[in-house]
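In what follows, a structure is listed as structure tokens, so that the remarks can point back to it.
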Amino acid sequence: MDIGDFVKLKLENTTYSGTVMPSLNEDTIVIKMKSGYNVGIDKNKIKNIEILESGDKPKYGLPPLNLEKNPKLKNISILSTGGTVASRVDYKTGAVHPAFTADDLIMAVPELLDIANIKGKVILNILSENMLPKYWVMTAEAIKEEIENGAEGIVIAHGTDTMHYTASALSFMVNSEVPIILVGAQRSSDRPSSDAALNIISAVKAATEPIKGVYVLMHGETGDTVCHLHEGTKVRKLHSSRRDAFKSVNKTPFAEINPFTKEVKYLRDVKNQDKSKIKEIVLNTNLEEKVALIKVYPGIDSEILKFYVDKGYKGIILEGTGLGHTPETFFEGIDYANENNVLVAMTTQTINGRVNMNVYSNGRELQAKGVIPCEDMLSEVAFVKLMYLLGNYEIEDAKELMSKDIAGEINESINLEC
């Protein structure tokens, strides 16, 4: 039995039929069923294997397209960090192959030919849960190289689990007039319900727009009617599996894009780029990695905070309850952090809304102990921002900047309809 064979697997009480797929575990057989879903089966539970049809082995070679640049279209670089948003499927075997040469991308999503001149490049090949701060820096440096070589827009293909962290990091580290669009897919390209193609079409379209800044592009609803463009410091993954999992928080989306007509509708004021500085880019990639994000809960022990301080951590984001509170029993740990010159800042677990530590005595006392309110910043954004500030500024300057807007992470006021 080889990859690509169509087989019938008989278990104790059921039977599975499908195409044999590559498996990461030698004790498991993975098959792709006709429904499009993959199933992994423990070899020890299989009573009988019947090969119904010998299949072709996965073939990834493609004939060169010999594409010529269209002088009327912008030059867009698509950088891959991993994930399945721009993968190509061998439908004979069901195997999924990363598609990141220009030819591969056009083969996978031919609609891109009408939108831009495409260049593809792999900078990482990891699951996004394995993303590290040093990889954010690598991504920023790859963006700089592409822009200096003539890219007029950047699309970053990224796994969805931590895409909002990366978007936040790039928002702080990268200063450029070129639009930088992160895009992912909730459903892989080998599934009938995949959102990959429409997302990447819309992301490339967004990258051709005369805007600047870092954004996340994903489905705007569960169907295929519209994609939303979200600002990189005001977006969060709010559902584990829905195609419209990413939402702007405390703001409306920046724009919506029809993936079929390519129409772009801006929902807020546009950040116009300065075309005279299109090849200029400044990076500030120093990050202090000794920063922690701690969720406050009933009964939380001060020893947790003391542990991080004793381990040499320089900054702590507390995700507090309500308007930004902790139990009084946690005050001892906060005092300990303050005595050791560790910056402590506060966000809220509610996600929507704003920290206001002036309303109740608990919040006022926390402020008196040096805890900095993070306004309406998302916890993940505050975490990344603190890494950035402590990596580039002295602690007193970092304290002052923590509650000030740097990259669109803080709203002066919140529209209740957001």
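If you go along the chain as it appears here, the first residue is 1 and each next one adds 1.
Keep in mind that glycine also has a Cβ here, set from the backbone N, Cα and C atoms.
So that you can see what the record holds, here are the features copied from Swiss-Prot:
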ACT_SITE  THR84  active site
ACT_SITE  THR160  active site
ACT_SITE  ASP161  active site
ACT_SITE  LYS237  active site
DOMAIN    74-405  domain 'Asparaginase/glutaminase'
| message | Helix, strand or coil for LYS237 (active site)? Use DSSP. | response | strand
| remark: Taking only the CA atoms, the spacing between ASP161 (active site) and LYS237 (active site), expressed in whole angstrom, is 8
| said: Suppose we draw a 10 Å sphere around the Cβ of LYS237 (active site). How many other Cβ atoms does it contain, all chains included? | reply: 20
| task | Round to a whole number and give the Cα-to-Cα distance in Å for the pair LYS237 (active site) and THR160 (active site). | result | 8
| request: Could you tell me the mean pLDDT over the domain 'Asparaginase/glutaminase' (74-405), as a whole number? | output: 93
| Are there residues of the same chain, six or more positions away from THR160 (active site), whose CB falls under 8 angstroms from its CB, and which are they? | GLY83, SER128, GLY184, ALA185, GLN186, MET218, LYS237, ALA245, PHE246
